[in-house]
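Participant: Look at Swiss-Prot and you will find Glu206 tagged as active site, proton donor. Feature annotation from Swiss-Prot assigns active site, proton acceptor to Lys341; the stated evidence is sequence analysis. For Gln164, Lys341, Arg370, Ser371, Lys392, the entry in Swiss-Prot reads (2R)-2-phosphoglycerate binding site. What Swiss-Prot lists as Mg(2+) binding site is Asp243, Glu289, Asp316, and the listing cites sequence analysis.
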Amino acid sequence: MGFHIYEIKARQIIDSRGNPTVEADVILEDGTLGRAAVPSGASTGTNEAVELRDGDKSVYMGKGVLKAVENIINIISPELEGMSALNQVEIDRKMLELDGTPNKSKLGANAILAVSMATARAAAEHLGLKVYQYLGTYKANILPTPMCNIINGGAHSDNSVDFQEFMIMPIGAKTFSDAIRMSAEVFHTLKSILSKKGYATSVGDEGGFAPNLKSNEEACEVIMEAIKSAGYTPGTDIAIALDPATSELYDPKTKKYVFKWSTKEELTSQEMVEYWAKWVEKYPIISIEDGMAEEDWDGWKKLTDKIGNKIQLVGDDLFVTNTSFLKKGIEMKVANAILIKVNQIGTLTETFEAVEMAKKAGYTAIVSHRSGETEDTTIADLVVALGTGQIKTGSLSRTDRIAKYNQLLRIEEELGSIAEYHGKDVFYSINK
């Protein structure tokens, strides 16, 4: 048989920002190995599952993860040994039981997720399947429309731009490989435009440029210029997607949004809604993530009522990949899409449940990386397995981001003639 778990190993490794993270090896009785490493975020939702850090300031500035590693070796491994790696749900449930907290603060979501993903990898390897085939079965044939981060601002950079991510989406591409080519061409064109304007072309955490632009609007203007100069039509071939991460701008005391990196302007919730409505009229924006702060549910409702039938409105900090928050959003008719970050919730089973709930309610789902990544490519397989049709995994630079795109290119090749790329049609929450 050989598919039972023989042993689980774990170690502290380094992520793309030089911070420690957890890697786990699940070894089966027949010697099959499944290995996975977990990511971590810079801007985090307050309701996210807890990433266990050691807190010893003299080691890695307190960011060590040896406690999480020990929890895998001393608590999780002895309990999972002998269990079938082919029963992902049972494995994940067992870890949730062992943890016993609502936010995984005892064992750490980073410990639990590493084992959850490594188990799926071991099971797939044992069966001679690719991870996307194992998790998605015969239905896994949709390649995602990528959200490629090309300009960074806010908490991801040191410039005068308030909004965290300006992305492009190649909605007019015919295949995934075309989508990557088009995005790379715009990325390189943007680099030369920024260079000619005298801006720096160094890249941020997620591989996008972080030039010291004069305003938020200028970021959209240079992207439009790059799309056109690369030979594409904005809004038809390539659309703009934003992640302003407004929870980082929101002052809960005054209930105002403070443009702290640029004009120092303060906007009420209603004014922020009007601001986005104007931008959607002015630029070919197809998606806005976290357009309102995570605690501003009223603002979210106003935003959804105002432009939710025109563009994709993604809840990230709002939902933190959690079915209880998503349920509230669905009931209140707030947002129309959810960002799926495996480490926000902590197991593959719960991730599948969140996507299932979103799809049933007519919400779109976008599988996402974090700003602190590794060479692990599980999310590339996951997006195909889940069939969500959208992925957000950074820019067309930095190996930690490119690893995911390259894995998707391999999957597209393997699928051959049954591979599908839906482009603009993935936006079923607005394509009504």
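Quick reminder: no glycine exception, Cβ is built from N, Cα and C everywhere.
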Participant: Starting from the Cβ centroid of Asp243, Glu289, Asp316, the recorded Mg(2+) site, name every other residue in that chain with its Cβ within 8 Å, sequence order please.
Facilitator: Gln164, Glu165, Leu242, Pro244, Ala245, Ile288, Asp290, Val314, Asp317, Leu339, Lys392
Participant: Whole-number answer please: how many Å between the C-alpha atoms of Ser371 ((2R)-2-phosphoglycerate binding site) and Lys341 (active site, proton acceptor)?
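Facilitator: Taking the Cα atoms only, Ser371 ((2R)-2-phosphoglycerate binding site) lies 11 Å from Lys341 (active site, proton acceptor).
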Participant: Looking only at C-alpha atoms, tell me how far Lys392 ((2R)-2-phosphoglycerate binding site) is from the residue listed as 'active site, proton donor', rounded to the nearest Å.
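Facilitator: So the alpha carbons of Lys392 ((2R)-2-phosphoglycerate binding site) and the residue listed as 'active site, proton donor' sit roughly 10 Å from each other.
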Participant: Return the count of C-beta atoms lying within 10 angstroms of the C-beta of Asp316 (Mg(2+) binding site), excluding that atom itself.
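Facilitator: Result for Asp316 (Mg(2+) binding site): 27 neighbouring Cβ atoms inside 10 Å.
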Participant: Are there residues of the same chain, six or more positions away from Asp243 (Mg(2+) binding site), whose CB falls under 8 angstroms from its CB, and which are they?
Facilitator: Phe163, Gln164, Glu165, Met167, Ile288, Glu289, Asp290, Val314, Asp316, Lys392
Participant: Please report the distance from the Cα of the residue listed as 'active site, proton acceptor' to the Cα of Arg370 ((2R)-2-phosphoglycerate binding site), rounded to the nearest angstrom.
Facilitator: 7
Participant: These are the binding-site residues: Gln164, Ser371. Which one scores highest on other Cβ atoms within 10 Å?
Facilitator: Gln164
Participant: Measuring Cα to Cα, tell me the gap between Glu206 (active site, proton donor) and Arg370 ((2R)-2-phosphoglycerate binding site) in whole angstrom.
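Facilitator: Arg370 ((2R)-2-phosphoglycerate binding site) has its Cα 8 Å from the Cα of Glu206 (active site, proton donor).
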Participant: Can you see whether DSSP assigns Glu289 (Mg(2+) binding site) to helix, strand or coil?
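Facilitator: Its secondary structure by DSSP: strand.
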